[in-house]
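Before any comments, here is the structure.
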Amino acid sequence: MADTANYINDRFQTFMNGLGDRYEPYVREHLSKVYMVLGSTAAATAMGAMLQMRDFLDLGVLAAVATLVLVLGLHFYKDDGKNYYTRLGMLYAFGFCSGQTLGPLLGYICSINPAIILSALTGTFVTFISLSLSALLAEQGKYLYLGGMLVSVINTMALLSLFNMVFKSYFVQVTQLYVGVFVMAAFIVYDTQNIVEKCRNGNRDVVQHALDLFFDVLSMFRRLLIILTQKEERKQNERRQNKTK
């Protein structure tokens, strides 16, 4: 056990030294702030979802409207060096309202199998950590070319969504879910390297950079929830059919 602990500690120190050699101190400091704000926003999201599920506070449609207003506000209310805490509060409010909108889905999933939520949460967390580390340890700027490609895929998916509102194709719906997971995974890699490049070019907007990553994480989590729920529903339907035979 001692040898294993020493090995893990040595590998961790090697990793930290590698980051120290690869990134300037101000970049490492900026990334630390971004990830701390991202974690706090995720906590606000969890709080909003829990309050909605427990019927302590349910903003309903107001939460959806608030998320739109807040994200537009963050986009147009640019960082000027003096409004950090105002924008940070807006980000936390956005996270909280996002949790409120997520609450009904989580409540439905709990009625089917609560373990789905933990599975989706674990999958999202492990994927985010793995891809973030991959982006940070990869060659600098290696994945920035993905930006244009990902925007094209997102636009195509949006058109397919409009198409599917009319034709109600189950195949299109499922394809969008699975493709969406891979697209969000690619966005995590792209946004991580893009944040580093922006920081080096003088853009130290912690709130906006945390928002970019939060979008990626939340979108992936939603899709994993739906995919796992659909699989569980199929299993339960098959079990019911087998019992009736």
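For all residues, glycine too, the Cβ spot is worked out from N, Cα and C.
Quantities reported herein were computed from a predicted structural model and do not represent experimental measurements.
Membrane topology from Swiss-Prot places R54 and G141 on either side, one opposite the other. Against the transmembrane segment (31-51), stretch 89-109 shows more Cβ pairs under 8 Å than any other of 89-109, 116-136, 143-163, 170-190. Annotation: stretch 143-163 has the most Cβ pairs under 8 Å to the transmembrane segment (170-190), among 56-76, 89-109, 143-163.
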